[in-house]
Amino acid sequence: MARSMSLKLACVVVLCLLVDAPLAQGAISYDQVKSSLLPCVGYVRGNNARPAPPNYCKGIRSLKSAARIRLDRQAACKCIKSLAADISDINYGVAAGLPGQCNVHIPYKISPSIDCKRVK
């Protein structure tokens, strides 16, 4: 009888942990990141000293607000890194400066060597 009760209690505890556990994958999708940053592609290919146009900042701000938890920020980082690798002639200095021009703080620098697992 005690063993049966212990087993039931263990099952309830496991179920509670599963229900309360965060999803293993962030809520941010690759397509969401891509569509938010697509207007910026031409800008990050050049040596742009001029301020970023407002529509670029809108996409960056929407990504920032969508990345509320660490897993989302890591997922966004991975997507940004993947997108940047696919853009020919990307100027990483311009890309890294874009969030700052938009007054958006992200917890990492956009670069090909970023370790997205370390993003907090």
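Backbone N, Cα and C define each Cβ position, glycine as well.
Per Swiss-Prot, disulfide bond is recorded for Cys57-Cys102 (among others), and the stated evidence type is similarity to another entry. The Cβ of Cys57 (disulfide bond) lies under 8 Å from the Cβ of Gln101, Cys102, Asn103, Val104, each of these being in the same chain and 6 or more residues away along the sequence.
Residues or ranges marked as disulfide bond by Swiss-Prot: Cys77-Cys116 (among others). A simple way to gauge crowding: the CB of Cys116 (disulfide bond) has 16 other CB atoms within 10 angstroms, across all the protein chains here.
As annotated by Swiss-Prot, signal peptide applies to 1-26.
For Cys77 (disulfide bond), applying a Cβ distance below 8 Å and a minimum sequence separation of six or more within one chain yields Tyr108, Ile114, Cys116, Val119.
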